[in-house]
């Protein structure tokens, strides 16, 4: 026990100098292994303000506190035993309850209207209970890697990988491959690495704070800023849904010959599909996603064998190079690969794996490790599909000097150029499956974003209907006015909009996970901060280049309408978005000042060490010289 504490009289004035005095003394008392009857001089601060110098056995209040602590420990042990009894195998860990049977709060959530159905996959009766042991076993060795535990964590990243191979990705990959060959493969690789870094930050934020990114934004920013962020993310989700509508319609056209406008109308019925699958448990939902993704992957494995790309040309595509003509397509690839709403969805689905409430460092580290493995496996699968699409376009279309401007045109060209209908049918089937799998995660992401930012909760089917309606209207107008070619242009624009919305998710994510006040000891290391800052600067720079190119193209267009829209709408909107992004950074200026001070302190410490070493060397040399003399 601390002697300084024992010699110090406590009173009301200096009580705050030593927080939780009795708790400190009890802890020391237990650490010394003293028996209950052993006398130990301590100071007890009574409720009346008197200080009593006595022993533990003479203090009824101390004995009462000790009994209460023992009772609490017994209750905790009973709860842990009960929790261990409830832990079952990974295939039986899911409480397969429907979405609408769940009614719990988001974050603090006491002020959220819980009437109506909600997609709250964090709730314990719709989650997976994962068994955990301490990072250090009794013999002091680290806990071993567990396949059974990994199986419990596999799944959340499947929802994220869906967004990395939706019809919007197909459009940008096909255009990139048919126009520039293998030249943009490095953009896909960099986008995948970038996505892995960002998704791991999302995992860390969710595990440490128990909040997804939208909930944390609501805590850190004002209501006005949150409303603007919500609107930007809603636009990104509608853009994603627009790609799903067009992709599904084209897939139906390829497989069954349905007119595009009829296919767009049919896509509105997928609300009924979501109403059906929302009654499933989360593991069955993950298995459905896995089945769809496996079928898409197999389609393109066969496509690659049929297209026979040249290996040397494939590897040359990983050398970074970019020109003014490919900037727009590269931006679309980045937006299609690293989708902003995925950063919000991932944090929420990660919380479906329930870990012990004590939030021990070892538990969080284990959960983080298994979630990262899940993410790496799922995103690399999505990366393979995207690379396969671009390689297919390069080896078939670019080699034949054909630029693809429509997805349906890609189907017809595959039939002609590859001497058979198998590749074309697989292409149409994969496109249809990609549209349907994206439908499932789109509604989940929209509900999470809406609840997280503005605490608004509506029924999932109503949310799905509104989002799909906002996507169907522009798709139908474009098909009627411009025909099939217009849908392809609309797909590219939707992916550019996704990329423009990405910084508004990435910047807060990096700031939050690098803050000690939010993350504690789990905050990002300096090297991770630098890497993610480079990623953010790359995204912002690419978006600025795209916006400038769009403004320049519209201003030099002969159409008066294009010039008016640019001056009245596009330029003010671009300025407003830049101002909002700056505000997200400036409002957290303490983070940047702390970061700079940390960098300078490290430099000063290194300089001081060098000075000390030089002085020591100089002193040593001086002594040696004197000795010689």
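Including glycine, each Cβ sits where the backbone N, Cα and C put it.
The compositional bias 'Low complexity' feature in Swiss-Prot is assigned to 62-85 (among others).
If you look up Swiss-Prot, you'll see 96-105 marked as compositional bias 'Basic and acidic residues'.
The compositional bias 'Low complexity' annotation in Swiss-Prot covers 106-118 (among others).
Taking Cβ-Cβ distances under 8 Å and a sequence separation of 6 or more, the neighbours of residue 557 (N-linked glycosylation site) in its chain are 563. For 557, the entry in Swiss-Prot reads N-linked glycosylation site, with the evidence type sequence analysis.
Per Swiss-Prot, region 'Disordered' is recorded for 50-119.
The topological domain 'Cytoplasmic' annotation in Swiss-Prot covers 1-151 (among others) and rests on sequence analysis.
The annotation topological domain 'Extracellular' is assigned in Swiss-Prot to 173-182 (among others) on the grounds of sequence analysis. Below 8 angstroms of C-beta separation, residues 188, 313-314, 316-317, 325-326, 329-330, 332-333, 336, 386, 389-394, 397-399, 402-405, 407, 410, 488, 492 of the same chain, each at least six residues beyond the ends of the topological domain 'Extracellular' (173-182), sit close to that stretch.
Residues 106-107, 230, 233, 343-344, 346-348, 350-351, 355, 359, 364, 367-368, 371, 448-449, 451-455, 505, 508-509, 512-513, 518-520, 522, 584, 587-588 of the same chain lie 6+ residues outside the topological domain 'Cytoplasmic' (204-224) yet bring a C-beta within less than 8 angstroms of a C-beta in it. Taken from Swiss-Prot, the feature topological domain 'Cytoplasmic' applies to 204-224 (among others), supported by sequence analysis.
Long-range contacts of the topological domain 'Extracellular' (246-253) within the same chain: residues 166-168, 170, 259-260, 262-264, 266-267, 270, 407-408, 428-429, 431-436, 438-439, 475, 487, 490-491, each at least 6 residues beyond the stretch ends and with a Cβ under 8 Å from a Cβ of the stretch. What Swiss-Prot records for 246-253 (among others) is topological domain 'Extracellular', and it gives sequence analysis as the kind of evidence.
Within the model, the topological domain 'Cytoplasmic' (275-286) shows a mean pLDDT value of 68, rounded to a whole number. The topological domain 'Cytoplasmic' annotation in Swiss-Prot covers 275-286 (among others), and the record cites sequence analysis as its basis.
Marked as topological domain 'Extracellular' by Swiss-Prot: 308-326 (among others). Counting residues 6+ beyond its ends, the topological domain 'Extracellular' (308-326) has Cβ neighbours under 8 Å at 176, 179-187, 189-190, 391-392, 394-395, 549 in the same chain.
When DSSP labels each residue, the topological domain 'Cytoplasmic' (348-376) comes out as 19 helix, 2 strand, 8 coil, counted as helix, strand and coil in that order. Per Swiss-Prot, the feature topological domain 'Cytoplasmic' maps to 348-376 (among others); the stated evidence is sequence analysis.
Summarising the annotation, Swiss-Prot assigns topological domain 'Extracellular' to 398-421 (among others).
Per Swiss-Prot, the feature topological domain 'Cytoplasmic' maps to 443-468 (among others).
Taken from Swiss-Prot, the feature topological domain 'Cytoplasmic' applies to 513-527 (among others), supported by sequence analysis.
Each residue in the topological domain 'Extracellular' (549-565) gets a DSSP state, and the totals come to 13 helix, 0 strand, 4 coil. Per Swiss-Prot, the feature topological domain 'Extracellular' maps to 549-565 (among others); the stated evidence is sequence analysis.
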Taking residues 6+ outside the transmembrane segment (183-203), which of them lie with a CB under 8 Å of any CB in it? 157, 160, 164, 173, 176-177, 212-213, 314, 317-322, 326, 329-330, 333-334, 337-338, 342-343, 346-347, 350, 368, 371-372, 375-376, 379-380, 382-383, 386-387, 390-391, 506, 509-510, 513, 524, 531-532, 535, 538-539
Across 225-245, 287-307, 327-347, 492-512, 528-548, the most C-beta pairs under 8 Å with the transmembrane segment (422-442) come from 287-307
Per Cβ pairs under 8 Å, the stretch of 152-172, 492-512, 528-548 packing most closely against the transmembrane segment (377-397): 152-172
For the transmembrane segment (327-347), which partner among 225-245, 287-307, 469-489, 528-548, 566-586 gives the most CB pairs under 8 Å? 528-548
Test the contact criterion for the transmembrane segment (469-489) and the transmembrane segment (225-245): 3 or more CB pairs under 8 Å, pairs 6 or more apart in sequence, then answer yes or no. yes
Which of 152-172, 225-245, 287-307, 492-512, 528-548 shares the most C-beta pairs under 8 angstroms with the transmembrane segment (566-586)? 492-512
